[in-house]
Amino acid sequence: MPLGERAGDKSESRYCGVETEFNDDMPHLLSFNIHGGFDFLVAPLIDPSYRPSLMEQDSSGSGALPFAGSDLVLSPSQWSSHVVGKISSWIDLDSEDETLRKDSEIALKQEIAWASHLSLQACLLPTPKGSSCANYAKCVNQILQNLNSMQLWLRIPLEKSDDETRNPDHMGEGHTDTWELWNSFRLICEHHSQLSVALDVQSTLPSPTSLGRWFGEPVRTAIIDTNSFLTNAQHYPCLSRSHQRLTTAFFSHSIQVVISGKPVHNPPMASLESSASSADNHTEGGWRHPLKSYLDYLAYLYQKMDPLPEQERFELGYRDYLQSPLQPLMDNLEAQTYETFEKDTAKYIQYQRAVSKALLDRVPDDKASTVITVLMVVGAGRGPLVRASLQAAEETGRRLKVYAVEKNPNAVVTLHSLVKLEGWEKLVTIVSNDMRQWDAPEEADILVSELLGSFGDNELSPECLDGAQRFLKEDGISIPSSYTSFIQPVTASKLYNDIKSHKDLVHFETSYVVKLHRIARLAPTQTVFTFIHPEHSAKNSNQRYKKIRFDIPPDTGSAMVHGFAGYFDATLYKDVHLGIEPSTATPNMFSWFPIFFPLRTPVCVTPNTPLEVHFWRCCGSTKVWYEWCVTSPSASPMHNSNGRSHWVGL
């Protein structure tokens, strides 16, 4: 039964599992735990005493493997929905004992083949033993090449990078950061999309920045042992504040929690009896699952999370979904695209504030009734900026004459209809033309545009406004007056695998608009390019180059950089700004998702090693494009040289 209902959240993190011991009565094991309130089992599929070499010695054997019952003991839907196979923990594919190593290889293949036969959704692989995992990873990689849709979850203990009390059974002498163990394994497995992580949560946790790395990795489940729980004043299990924050973050990132271990808490019997009388506690005749108090606590944590805001619910379907940026000069936008952007009231409130301040600065109160300000909306679309500008004039008591310039003939039809409907015929002149070619009948006092892209200049706002600047008065105002792009390195395993699935160079040299969710931000953002309008310099060029150095916080540990997240911040007028840069983002605005610049080969960054990246904005006669490369800690190939894979057409 789900942990609870949370408005807007339909993710798999609502379902909680339990890790069990081997039991050859699988129907009873499943019934016991499902009726106890759990949604699925993580259960061994084969008797732990089984060794292939012993079977060979037993010549009287029938050849049947000691699995936990045949495939007929549960229905296909029960196997696939309620059971995760747990591969035998004894296997050690990198053992120096040849018999153990060979037994391990055979058993691993047999167990995964059986799990695949049962149509299980996932199997839990044991933690690599020792510091080397090359043979283990090689065998898993071989299996992945021919596997159906089943996921393989590699169990990795979540241990502190500087923890001297590490578990010697899991880690070799040189390993103090279990992320590096995972990284070695997935590199050998070629970043395979069906290889995921099951994090074993320990009683002590690494630093928050070190934990943050994992949210960009393909973590599917978190296994919390009962020994990690504390005891509250009522003798019930509870988690420390840091464990609570981590568990809530798991829920927010669609990571399922599995409870492992034996009950080590003894809640008072009176409380258990009162709980047993309530209908939702999965009890029959006073029976209660031994781990139910741990499950109840996780349900409490889940249910006390804030409901998803309406905007987040709207954006759920876009999370980590790669989209190509708009080509607003080459293509005419569709009605549906206009409608989506026009619903962004937060954006137009900021524009209205900016126009109001500009009008008050431009026209003193004593001339408000006589001076007519000429305002041009360039790229008027279906009219939201025209409306915001006229509302600003009404709010400030200033008089306006508006030119609405729009190149899309389909949007111009809607503009004419809007002007007629609102009775703006004497206030608004509609111009069906490209702002770069239009000859204006008079100069403008204020030039208003919404040509910004996710990276500020990536939808060619500089080129458009340079073309329109010729009809702005010498002392005229441009709204926006400036904008700056920002980038930061990110771990984004899902995005990387989605791009890799295309199996070509073009997709790795394309920048994408994406609602970032399953990522780890590895360092604070830094500025890239800035553009100012109006630009009066005679040597003005829109080409740019920037070298940027990032220092990853040392307590993060090593991390994988799959690419760079890009944002922008714009000054509309004076102190009125608009943007998506995380530290200053405009609240409740959804017109822009961040941009993502991928790396063809992910870069592993180690502590105290700087990450250096170079970005170019290049301009040709018919197109504008970006190029980027990394030079430290190791050099990467140049991405998108000469705009060979991706560009924005002029």
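Heads up, residue numbers simply count up from 1 along the chain you see.
Any Cβ shown, glycine's included, is placed from N, Cα and C.
Automatic, uncurated: that is what TrEMBL annotation is.
Feature annotations, reproduced from TrEMBL:
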| type | residues | note |
| --- | --- | --- |
| DOMAIN | 37-304 | domain 'PRMT5 TIM barrel' |
| DOMAIN | 310-479 | domain 'PRMT5 arginine-N-methyltransferase' |
| BINDING | Tyr338, Lys347, Tyr348, Glu406, Asp434, Met435 | S-adenosyl-L-methionine binding site |
| SITE | Phe341 | site 'Critical for specifying symmetric addition of methyl groups' |
| ACT_SITE | Glu450 | active site, proton donor/acceptor |
| ACT_SITE | Glu459 | active site, proton donor/acceptor |
| DOMAIN | 482-648 | domain 'PRMT5 oligomerisation' |
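Between the CA atoms of Tyr338 (S-adenosyl-L-methionine binding site) and Glu450 (active site, proton donor/acceptor) there is a gap of 12 Å, rounded to the nearest whole number. When the Cα positions of Tyr338, Lys347, Tyr348, Glu406, Asp434, Met435 are compared pair by pair, the longest gap among these S-adenosyl-L-methionine-binding residues is 24 Å.
The Cβ of Tyr348 (S-adenosyl-L-methionine binding site) lies under 8 Å from the Cβ of Pro384, Leu385, Arg387, Ala388, each on the same chain and at least six residues away in sequence.
Rounded to a whole number, the distance between the Cα atoms of Glu406 (S-adenosyl-L-methionine binding site) and Phe341 (site 'Critical for specifying symmetric addition of methyl groups') is 16 Å. Neighbour density at the Cβ, taken as the number of other Cβ atoms within 10 Å, is lowest among the recorded positions Glu406, Asp434, Glu459 for Asp434. A C-beta separation below 8 Å, combined with a sequence spacing of at least six in one chain, links Lys347 (S-adenosyl-L-methionine binding site) to Phe341, Glu450, Leu578, Thr586, Met589, Ser591. Cβ neighbours of Met435 (S-adenosyl-L-methionine binding site) (same chain, under 8 Å, six or more residues apart in sequence): Val378, Gly379, Val405, Lys407, Cys464, Gly467, Ala468. Per-residue confidence over the domain 'PRMT5 oligomerisation' (482-648) averages out at a pLDDT of 96. Every protein chain shown contributes to the tally, and the Cβ of Tyr338 (S-adenosyl-L-methionine binding site) ends up with 18 other Cβ atoms within 10 Å. Phe341 (site 'Critical for specifying symmetric addition of methyl groups'): 17 other CB atoms within 10 A of its CB, across all protein chains.
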